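**Q** Features from Swiss-Prot:
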TOPO_DOM  1-15  topological domain 'Mitochondrial matrix'
TRANSMEM  16-34  transmembrane segment
TOPO_DOM  35-40  topological domain 'Mitochondrial intermembrane'
TRANSMEM  41-66  transmembrane segment
TOPO_DOM  67-72  topological domain 'Mitochondrial matrix'
TRANSMEM  73-105  transmembrane segment
TOPO_DOM  106-128  topological domain 'Mitochondrial intermembrane'
TRANSMEM  129-152  transmembrane segment
TRANSMEM  156-183  transmembrane segment
TOPO_DOM  184-190  topological domain 'Mitochondrial intermembrane'
TRANSMEM  191-223  transmembrane segment
TOPO_DOM  224-232  topological domain 'Mitochondrial matrix'
TRANSMEM  233-256  transmembrane segment
TOPO_DOM  257-261  topological domain 'Mitochondrial intermembrane'
């Protein structure tokens with residue numbers, strides 16, 4: 001920062017975008033190998049390289065922001081715009097799944113029996129595990145807001161407490177979703193109902209796992225005093241992402257579990 005006369009961060013060459021792209025290729029190819037040939041070797045290599053990339057990329061960003069002071073207010077403003085655009089792209093991603101669901105359910109074809117849910121499909125009761133999942137995610141939305149306000153007010157321990165509760169609720173949601181999948185009376189191959197249900201809720205579940213990972217990183221950073229009341233964009237981005245995951249679940253619950261059943 002001492003050798004430049006502007007507030008922007010000139011990023012050093014980094015291998016992580018390349019290794020991230022390679023891990024994405026390995027994971028998608030590995031999924032195809034797993035589905036068609038029951039081999040998980042390529043998938044495991046992809047997951048390993050993805051985990052290593054995430055760890056090292058996060059480490060570099062933390063070093064640049066917390067220890068080298070590259071994240072000036074101008075840089076943080078750019079990062080905020082980037083996060084907003086990323087969340088908008090995620091909204092459009094899920095819009096595709098809702099479009100597929102409503103396209104199939106509002107005008108069911110004769111092949112589906114002319115009704116929704118299709119003939120032979122027994123949907124899950126929206127007042128059982130799905131309602132509990134909704135309560136869990138809404139509670140986590142409250143606790144992440146509590147953590148954010150505690151951080152802005154400089155209350156370190158209440159922030160850690162609230163963040164830990166949020167992470168615990170996120171993990172609990174994932175376990176509930178896994179048990180629901182295990183006990184579901186239909187599969188992803190049971191026509192358009194199974195496909196839209198498992199792809200939409202499955203991708204949401206993946207986003208919950210990503211969000212939980214993001215929050216775990218923030219928890220350990222807070223333990224090491226990385227955040228201050230006016231310099232905590234890493235946590236702020238995680239909180240925005242978590243609220244997005246909350247809102248998507250509400251739409252999923254109302255559309256697929258409640259109305260769709």
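Glycine is no exception: its Cβ is also placed from the backbone N, Cα and C atoms.
Let's see these features in context: how buried, what's close, how far.
**A** Panel annotation: around the topological domain 'Mitochondrial matrix' (67-72), residues 1, 7-9, 79, 231, 233 of the same chain, lying at least six beyond its termini, place a Cβ under 8 Å from a Cβ of the stretch.
Outside the transmembrane segment (73-105), and at least 6 residues removed from its termini, the chain residues within Cβ reach (under 8 Å) are 7-9, 112, 116, 192-193, 196, 199-200, 203-204, 207, 233, 236-237, 240-241, 244, 248, 251, 255-256, 260.
A Cβ distance under 8 Å defines the sequence-distant neighbours of the transmembrane segment (156-183), meaning residues of its chain 6+ beyond its ends; these are 124, 129-130, 132-133, 136-137, 139-140, 143-144, 146-147, 150, 198, 201, 205, 208-209, 211-212, 215-216, 218-219, 222-223, 242.
For the topological domain 'Mitochondrial intermembrane' (184-190), the DSSP-based tally of helix, strand and coil residues reads 0 helix, 0 strand, 7 coil.
Residues of the same chain lying 6 or more positions beyond the ends of the transmembrane segment (191-223) and with a Cβ under 8 Å from any Cβ of it are 54, 58, 62, 66, 90, 93-94, 97-98, 100-101, 104, 112, 116-118, 121, 123, 144, 151, 156, 159-160, 163-164, 166-167, 170-171, 173-174, 177, 181, 234-235, 237-238, 241-242, 245, 248-249, 252, 256, 260.
In the topological domain 'Mitochondrial matrix' (224-232), the DSSP tally of helix, strand and coil residues is 0 helix, 2 strand, 7 coil.
Nonlocal intrachain contacts for the topological domain 'Mitochondrial intermembrane' (257-261), taken as residues 6+ away from its ends with a CB within less than 8 angstroms of a stretch CB, comprise 101, 105, 116-117, 123-126, 130, 197.
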**Q** Where DSSP helix means H, G or I and strand means E or B, what are the helix, strand and coil counts for the topological domain 'Mitochondrial intermembrane' (35-40)?
**A** 3 helix, 0 strand, 3 coil
**Q** For the transmembrane segment (41-66), could you work out the same-chain residues 6 or more beyond its ends whose Cβ comes under 8 Å from its Cβ atoms?
**A** 9, 11, 14, 16, 19-20, 22-31, 33-34, 213, 217, 221, 226, 233-234
**Q** Which residues, given as numbers and ranges, are at least 6 beyond the ends of the topological domain 'Mitochondrial matrix' (224-232) yet have a Cβ under 8 Å from it?
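**A** Residues packing against the topological domain 'Mitochondrial matrix' (224-232) from afar: 62, 66, 71, 151-154, 218.
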